[in-house]
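Can you read through this structure? Questions will come right after.
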Amino acid sequence: MNDLDSLRQEAERLKNTIRDARKNALDTTLVQATAGMDPIGRIQMRTRRTLRGHLAKIYAMHWGSDSRNLVSASQDGKLIVWDSYTTNKVHAIPLRSSWVMTCAYAPSGSYVACGGLDNICSIYSLKTREGNVRVSRELPGHTGYLSCCRFVDDNQIVTSSGDMTCALWDIETGQQCTQFTGHTGDVMSLSLSPNMRTFTSGACDASAKLWDIRDGMCRQTFPGHESDINAVTFFPNGHAFATGSDDATCRLFDIRADQELAMYSHDNIICGITSVAFSKSGKLLLAGYDDFNCNVWDSMRTERAGVLAGHDNRVSCLGVTEDGMAVATGSWDSFLKIWN
């Protein structure tokens, strides 16, 4: 037996030891702990606004921190900033590359970012003196497509990429400050913790990881999914996060318990999940699916509480406002819908 085989066996043994230790530490399950809770009841949301203007598939959206404006990115090569109250377009930004996969709104509202198959994260300034929108910085450095980006503040942004890494950038200098390596597949999504000190990532190696932004270390790895993880989102209190995967399940992982707490699945659901988001309280988990629907889950009882049906194609992205008052879904049908 060669060294490689013995190392593989050793790694497998260690994995099993960790799995068993996690199991032994589990004194109750979420379903048992919440059995006495009242069910939420049926959640029925209506479409309040439809944002029309993109001419092709929408791939990504992100709410601004004012809970009014949002940015969306489409295959039509446009980044549009919308006023969700009036449905007006505040900015329509033509992109150099139309192969865009992600977009982000800075917490200050002064910048938006996007990227995709060009491997570059482009930062656009919305608050120029001339009143026009222009590229304020391009961040090249990833050797694979840009799958997700999120601003820490106006001068720092975290990106995830198909090159199996994530990166923290200094926007002013355009330099990569930290590279986060450890995934063994394309990193598809990231989510910043509420305190902005850590972030989680989901990847095509079917694992999620928790990273420390300050020192670049992987703090924890969460296995469990059986296929690519397409989406991750933090629980509002920062102690847990949810994932959505091509294995047709969403899962809830607890950071302090270091393991999976819950799985959200149904025999009738056989398609992958593209996007996930929590309500402000964390009581609801919203998930967008390849079958054109968005399911609403009771996050504590792991039961389906409702469905948002209104798109004519895959729901590719969704987000809940910071004030918790509305949900936006974006779809390959080229429309964004605002629900509450």
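Glycine too: its Cβ is placed from the backbone N, Cα and C atoms.
Relevant sequence annotations retrieved from Swiss-Prot are reproduced here:
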type	residues	note
REPEAT	53-83	repeat 'WD 1'
REPEAT	95-125	repeat 'WD 2'
REPEAT	141-170	repeat 'WD 3'
REPEAT	182-212	repeat 'WD 4'
REPEAT	224-254	repeat 'WD 5'
REPEAT	268-298	repeat 'WD 6'
REPEAT	310-340	repeat 'WD 7'
Give me the mean pLDDT over the repeat 'WD 7' (310-340), rounded to a whole number.
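Per the prediction, mean pLDDT sits at 97 for the repeat 'WD 7' (310-340).
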Going through 53-83, 141-170, 182-212, 224-254 one by one, which has the most CB pairs that fall under 8 Å from the repeat 'WD 7' (310-340)?
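Top-ranked stretch among 53-83, 141-170, 182-212, 224-254: 53-83.
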Who are the chain neighbours of the repeat 'WD 4' (182-212) in space, where the CB to CB distance is under 8 Å and they lie at least 6 residues beyond its ends?
144-145, 147-148, 150, 152-153, 158-166, 218-234, 236-238, 241, 243-245, 247, 253, 255
Cβ under 8 Å, sequence separation of at least 6 from the ends of the repeat 'WD 5' (224-254): give me the contacting residues as numbers and ranges.
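Apart from its flanks, the repeat 'WD 5' (224-254) reaches 30, 185-186, 188-195, 200-204, 206-208, 210, 260-265, 269-278, 280-282, 285, 287-288, 297, 299.
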How many of the residues that make up the repeat 'WD 7' (310-340) does DSSP mark as helix, as strand and as coil?
0 helix, 15 strand, 16 coil
Would you mind splitting the repeat 'WD 1' (53-83) into helix, strand and coil residue counts from DSSP?
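For that range the per-state counts are 0 helix, 18 strand, 13 coil.
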